[in-house]
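Okay, so here's the structure we're looking at.
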Amino acid sequence: MTQHAGDETPERQSAVSGLDRARMFVRRYWVAIAAHVGVIVAWWLWVRLGDVPSYVMPGPVETIAALWDEYDWFHNTMVTAGEILAGYLIATVFGVGVALLSSWSRIVDQAVMPLMISLNMIPKVALGPLFIVWFSYGFTPNVLIVFAICVLPILLTTARGLREVEPDLLDLVRSLKGSRWQIFTKIQLPGSLPYIFSGMKVATVLAVAGAVVGEFIASEEGLGYLMLQVQVTLDTAAMFMAVLLITLIGVVLYGLVVLLERLTVTNDSRVRSS
């Protein structure tokens with residue numbers, strides 16, 4: 001029997017839908033994809049045509065081959081990713097929470113905001129030895145370093161977003177006896193989401209840097225710690241692989257934040273924030 005176009009099985013429809021999404025992705029991001037591929041090709045050509053020693057600059061193939069060395073890549077990658085995610089999430093919750101309290105209370109705003117800015121002036125590298133004394137080596141000090149380096153941009157952008165909410169809307173909800181929680185969930189939060197995500201996207205870059213710095217100082221595992229170990233043996237390919245994995249973690253985190261932004265921020269909110 002012949003099968004009509006309208007009688008396609010769910011499996012075939014799902015396959016076609018997935019193919020269409022893949023094509024849309026390529027059409028939308030082909031320039032970015034081509035740029036990344038171009039960098040890899042230029043890297044390979046420079047190493048090959050320039051006859052660069054592998055201990056100075058390994059090629060892409062040698063870098064990928066380092067994954068087969070006995071460096072426990074999966075465990076170290078998960079450690080670094082966990083530190084980044086934990087510190088980042090704590091910074092997000094804390095930053096948004098403090099910004100909200102500041103928008104509700106002028107005393108809190110006048111006391112906490114200058115204090116947070118002053119504390120942020122402390123070099124994060126200088127906190128590493130203190131965290132080692134307080135918490136020893138391991139996961140906790142690195143999470144705290146990530147938190148310390150991420151919290152301010154989230155706090156400042158959220159505070160600005162909460163202040164940019166239209167006063168007429170706030171007065172309307174207050175006149176209707178709306179609670180502070182209703183004002184926050186119905187007015188302030190939707191209007192400030194573009195600002196919150198702006199700070200969160202900046203913080204993704206800082207989170208990756210904070211985790212690596214923390215592992216340089218206060219860790220016995222993770223990709224940053226692994227880089228220090230392979231540096232001793234001049235295993236440059238493994239160092240490059242660690243850098244690529246750290247970059248991949250950051251790209252994935254940034255992509256998740258962008259995806260969450262697209263799912264939650266309306267076009268109306270974007271227009272008001274611009």
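Using N, Cα and C of the backbone, Cβ positions are placed for all residues, glycine too.
Curation plays no part in TrEMBL annotations; they are all automatic predictions.
Residues or ranges marked as transmembrane segment by TrEMBL: 29-47 (among others). Residues of the same chain lying 6 or more positions beyond the ends of the transmembrane segment (29-47) and with a Cβ under 8 Å from any Cβ of it are 57-61.
TrEMBL lists 77-258 with the feature domain 'ABC transmembrane type-1'.
Feature annotation from TrEMBL assigns transmembrane segment to 84-104 (among others).
Taken from TrEMBL, the feature transmembrane segment applies to 116-137 (among others).
With a cut-off of 8 Å between Cβ atoms, the residues of this chain six or more beyond the transmembrane segment (143-162) that come close are 83-84, 86-88, 90-92, 94-96, 98-100, 102-103, 109, 113, 116-117, 120, 122, 124, 127-128, 131, 135, 188, 191-196, 198-200, 202-203, 206-207, 209-211, 213-214, 217-218, 273. The transmembrane segment annotation in TrEMBL covers 143-162 (among others).
Summarising the annotation, TrEMBL assigns transmembrane segment to 195-218 (among others). Distant neighbours of the transmembrane segment (195-218): 80, 83-84, 87-88, 91-92, 95-96, 124-125, 128-129, 131-132, 137-138, 141-142, 144-146, 148-151, 153-158, 160-162, 164, 224-225, 227-228, 246-247, 249-250, 253-254, 257-258, 260-261, 265, 273; these residues of the same chain sit at least 6 beyond its ends, with a Cβ under 8 Å from one of its Cβ atoms.
Feature annotation from TrEMBL assigns transmembrane segment to 238-260 (among others).
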For the transmembrane segment (84-104), sequence-distant contacts whose Cβ falls under 8 Å of one of its Cβ atoms, 6 or more beyond its ends: 112-113, 116, 139, 142-147, 150-156, 158-159, 162-163, 180, 184, 188, 196, 199-200, 203-204, 207-208, 210-211, 249-250, 253
